[in-house]
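Database features (TrEMBL):
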{"type": "DOMAIN", "residues": "A:18-311", "note": "domain 'Peptidase M14'"}
{"type": "REGION", "residues": "A:135-160", "note": "region 'Disordered'"}
{"type": "ACT_SITE", "residues": "A:Glu277", "note": "active site, proton donor/acceptor"}
Amino acid sequence: MKESEALQRSGSEYNFGSYQRLEAIYNWMDTLVAEHPKLVTKVLIGSSYENRPMYVLKFSTGGTNRPAIWIDTGIHAREWVSPATGIWTANKIAVDYGKDASLTSLLNTMDIYMLLLANPDGYSYTHDNDRMWRKTRSRSPGSNCRGADPNRNWDSGFGGPGTSRNPCSDLYHGPSANSEVEVSNVVNLIKAHGNFKSFISVHAYSQLLMYPHGYSCKDIPDMAELDTVGQAAVKKLASLYGTRYEVGSICKIIYPASGGSIDWAYDTGIKYSFAFELRDTGLSGFLLPANQIIPTASETWLALKHIMEYVRDNPYYTQH
Amino acid sequence: MSPALMRVLRVVVLLSAVRGAPLATVTLPPVILEPVPLEPVPVPSEPVRVDSGADQNISIPINTEQQQQQQQQQVSLDVDVMLTGELNPNHYPARRAAQVVLHHLNTRYGSPYWWGALRQVHKATAEALGDSGRKYSLEVTLQDQISGTKETCTAEVVFPGGPAGGPPQVTTSYEGKSEINTQAQEEALYNQYNTSQNLLSGHNLPDSYGHVAPGMEPFWHLGGVASSFVMLKESSENTLYNMAQVVSVTQLATENNQLRFNYDVLLHEMVSQEIIHWKLLASWSPQEGVKASQMELLPKCHHCEPPQEH
C-alpha cells in the first residue's frame with residue numbers, strides 16, 4: 001500500500017484526501033488525541049462568535065512552556081485546502097514522531113501548536129450556505145452585512161492599506177483591532193504563553209510563501225534571513241512535484257494588507273513568521289479538487305519541516 | 001530616459017498638515033491615498049482603502065533649499081503611487097499587468113480546449129505616458145491549463161489614464177497555438193452540440209469539492225475563456241482576476257453557425273478579495289473562436305444565500 005494511502009487509512013478511517021465538515025474534523029481531532037495520548041493534547045482556547053469551540057492541538061513531549069511553533073489553517077473560510085492540509089499535517093507529525101529523526105529531535109525540545117479551524121463559523125457557512133464566504137460571521141451594528149476579515153483584524157497597522165471600513169466588504173477590518181473573538185482567542189494564547197518562536201499562517205490560493213510586512217512595503221530588519229529560509233523551503237516543496245512557489249514580503253508579492261496575523265506576530269517579537277498561500281494559481285482557485293489535497297499537504301510539509309528545523313536550530317531571545 | 005535614470009527618478013509626495021488635503025503629485029494620475037504613518041502623522045478622518053500600492057518614499061530632484069523646507073513637512077507614507085522603470089517580475093505590479101495579457105490571449109485564442117494562464121513573468125518595465133496612462137512591457141511564459149504546453153512571448157499593456165479610464169489595450173508577439181491537435185477535438189465537440197435538441201445545461205463547474213462533472217470540462221474551459229472578455233475589460237493596475245466558478249451554463253439554439261451559451265459566472269478579484277457575479281452570452285465555433293456579449297454585472301446579494309448543491 002502506498003504511503004499516502006496508508007496515512008489515509010489511519011486516524012480511524014478519516015479520509016485525508018477529502019474535504020470534511022466541521023463536525024467530522026472535530027471528531028477526528030479526538031481520535032488523534034486518543035491514538036497519540038503522550039504527544040497530542042486538545043486545548044480549548046475559546047469560542048467563536050456563534051459559540052463554536054476553538055481547539056488547538058498541542059504537540060509536546062513535556063517540559064514547561066518550551067519554545068513553540070504556531071501553525072494556523074482555515075482562517076479564511078473558503079480556502080478549504082488550508083484546513084485540509086492542516087489535518088494531514090497534524091496526523092503526519094503524530095505518526096512520524098519517533099520515526100523521523102529530525103522531527104523527533106525537534107519535538108524533544110520544542111512544542112508545536114496547531115489551530116486547524118481558525119474560523120469555524122465561516123467554515124461551517126461555506127458548507128451550508130455560501131461556498132465563497134471568506135470572513136467571520138459576526139454582526140456589524142447598523143449593517144445587514146456580516147463578518148470581518150479575520151486577517152485584517154490584528155493589531156498591526158490596523159485600518160491601513162488593503163483594508164476596508166465597509167462591513168459589506170470582504171476586506172472589512174472590523175470595528176477595532178481584535179474585535180473578532182476568533183482573533184482575540186489566539187492573541188490571548190500567544191501572549192500568555194510568551195515563548196513562541198515561529199508563527200505560520202496557512203492560506204490559499206496563489207502558491208506563495210511570504211514574510212512580513214503586509215502593512216508596509218519597507219523591508220523588515222530580518223528580511224534577508226527570512227527570505228533565505230523561504231527560498232530554501234520552497235525549493236524543498238518543489239522537489240516533490242515541481243510545484244512552483246514565489247517568495248517575498250506580503251506587501252510586495254501580493255498586495256499591501258494591514259492588520260494581518262503574521263505582521264502582528266513579527267512585531268511582537270516572533271521572528272520566524274510566515275504565511276503560505278497554497279495551490280493552485282487560479283485554475284480551480286478556492287475550489288481545488290480533493291485529489292490534490294494530499295499532494296498539496298505532502299509538498300507543503302517539506303517546506304514546513306524546513307522552516308521548523310531552522311527555527312529549532314536558530315534559537316533566539318526576544319526582549320519584551 | 002535610461003532605466004538607470006528612471007530608477008533614481010523619485011517624486012516627492014507632500015502631505016499638507018490639514019486633514020484630507022489633496023496630495024501634490026507630479027505627472028501621475030490622480031490617486032486615492034490612505035496614509036499609513038510609519039512616523040506619527042495626522043490620520044485623515046475618512047480613510048479610504050487603497051487597492052494597490054508599492055512602498056514609496058519618493059523624492060524628485062529639486063534644489064537643496066526647497067528640499068530642506070519640504071523635508072520638514074515630508075512624511076513617510078505608504079502611498080498608492082505606481083513604480084516606473086524596471087520592475088521586479090515576481091512582485092505584484094508586473095504580475096497584474098501580465099495577468100491582463102493572459103485575459104487578452106484567451107479572448108483571441110481561447111476555446112473549449114485551450115485556456116491560457118500566466119506561468120511566469122521574466123521581465124517587466126513600466127512607463128508613464130502622461131495623460132494617456134501607463135504602459136507595461138513584459139516578457140512572460142504562458143501555459144495552456146488543459147494540455148500544459150508552455151510558450152514565452154513579449155507583450156505590451158497600456159492602462160488608459162484619465163477619469164474615463166477604459167479597458168487596457170494589449171499587444172503581444174504571440175502568434176497562435178503551435179499545437180494543432182485541438183482542432184479535431186473542437187470539431188467533434190461542435191458537431192456533437194450543434195443541435196436543437198437536448199440543449200446542454202450544467203451548474204457548479206467546479207462544484208464545492210473541485211469536481212467537474214464528466215463531459216462538462218470543455219464547458220468549464222469555455223466559461224473561463226468567455227469570462228476573460230469580462231476580466232479583460234474590468235482590469236486595471238489595481239486588480240487581479242481569475243474565474244472562480246461557473247455557476248450555470250445553458251445552451252441556446254445555434255445561430256449563425258455559432259454554438260451559444262448563457263453563462264452565469266463568479267469571478268474572484270484578488271486585490272479586493274471580492275467574488276463578483278457576471279452573466280454573459282458566449283458564442284463559439286472552431287472557425288470563429290470564442291466571443292462574449294451581453295455581459296452584465298449582477299449585484300452582490302448580502303441577504304440571499306442559496307444553498308450550495310453538492
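Note that Cβ sites are derived from N, Cα and C of the backbone, with glycine treated the same way.
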Please spell out the DSSP helix, strand and coil residue counts for the region 'Disordered' (A:135-160).
3 helix, 2 strand, 21 coil
Cβ contacts under 8 Å made by the region 'Disordered' (A:135-160) with residues that lie 6+ beyond its boundaries:
48-50, 75-77, 118-119, 121-122, 125, 167-168, 170-183, 187, 201, 203, 213-216, 256-261, 263-264, 267
On the three-state reduction of DSSP, what should I expect for A:Glu277 (active site, proton donor/acceptor)?
strand
Over the span of the domain 'Peptidase M14' (A:18-311), how high is the average pLDDT in this prediction?
98
